[in-house]
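Trainee: Pasting a structure below so you can have a look.
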Amino acid sequence: VIGHPKYQDSKRIAIFLSMPDEIQTEAIIKDIFKQGKECFIPRYKPQSNHMDMLKLSSAEDISSLILTSWNILQPSDDDSTREEALAGGGLDLIFMPGLGFDKKGNRLGRGKGYYDTYLERCMKHPSGKPYTIALAFREQICESVPVTENDVQVDEILYE
């Protein structure tokens, strides 16, 4: 991942904090800060499909986050000090999780449409849609995954 040309060229990167059954992202997050890039992580709003990408100040900043009922670390709802990516310069790159992927770039998420809705918002931002890379295990690559008209394809899927 860290040798990928899109990663190397990106300054503002959004990445998920991995759950135990996902590709682990901690080393990538540390590298984002080591290279002087800006790092944004998701904050999901429960009972909706709304997600924001909020800025982390350092890799150590992760320890200040709260654990949601879904067992995901994220900034608390009353944390208004962090920059939201679309309120500033947008994003260059988003690393995306998923349960399954096909080689056409379709992604099966957890069913709430957070990333699809967020990418729609990105398309309205002056900086436009960021490049999207899904991080997957080989076992998550399928012949086809079910999609709806609201699903946004990922630009690239990286797997072993």
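Including glycine, each Cβ sits where the backbone N, Cα and C put it.
Where the annotation comes from TrEMBL, it is an automatic prediction and has not been curated.
From TrEMBL, for reference:
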BINDING   Leu17, Glu22  substrate binding site
BINDING   Arg107, Leu108, Gly109, Arg110, Gly111, Lys112, Gly113, Tyr114, Tyr115  ATP binding site
Trainee: Taking just the CA atoms, what is the gap between Arg107 (ATP binding site) and Glu22 (substrate binding site) in Å?
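Mentor: On Cα coordinates alone, these residues lie 14 Å apart.
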Trainee: If you count CB neighbours within 10 Å, which one among the binding-site residues Leu17, Gly111 has the smallest count?
Mentor: Gly111
Trainee: What is the separation, in Å, between the Cα atoms of Leu17 (substrate binding site) and Tyr115 (ATP binding site)?
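Mentor: Here the two Cα atoms are 14 Å apart.
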Trainee: Give the distance between the Cα atoms of Gly111 (ATP binding site) and Glu22 (substrate binding site), rounded to the nearest whole Å.
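Mentor: The separation of the Cα atoms works out to 16 Å.
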Trainee: Identify, in sequence order, the residues in the chain of Glu22 (substrate binding site) that are 6 or more apart from it along the sequence and have a CB within less than 8 Å of its CB; answer 'none' if there are none.
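Mentor: Counting only residues 6 or more apart in sequence, the Cβ neighbours of Glu22 (substrate binding site) under 8 Å are Phe16, Pro97, Leu135.
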Trainee: Taking the recorded ATP site as Arg107, Leu108, Gly109, Arg110, Gly111, Lys112, Gly113, Tyr114, Tyr115, identify the other residues of that chain whose CB atom sits within 8 Å of the mean position of the site's CB atoms, giving them in sequence order.
Mentor: Gly98, Asp116
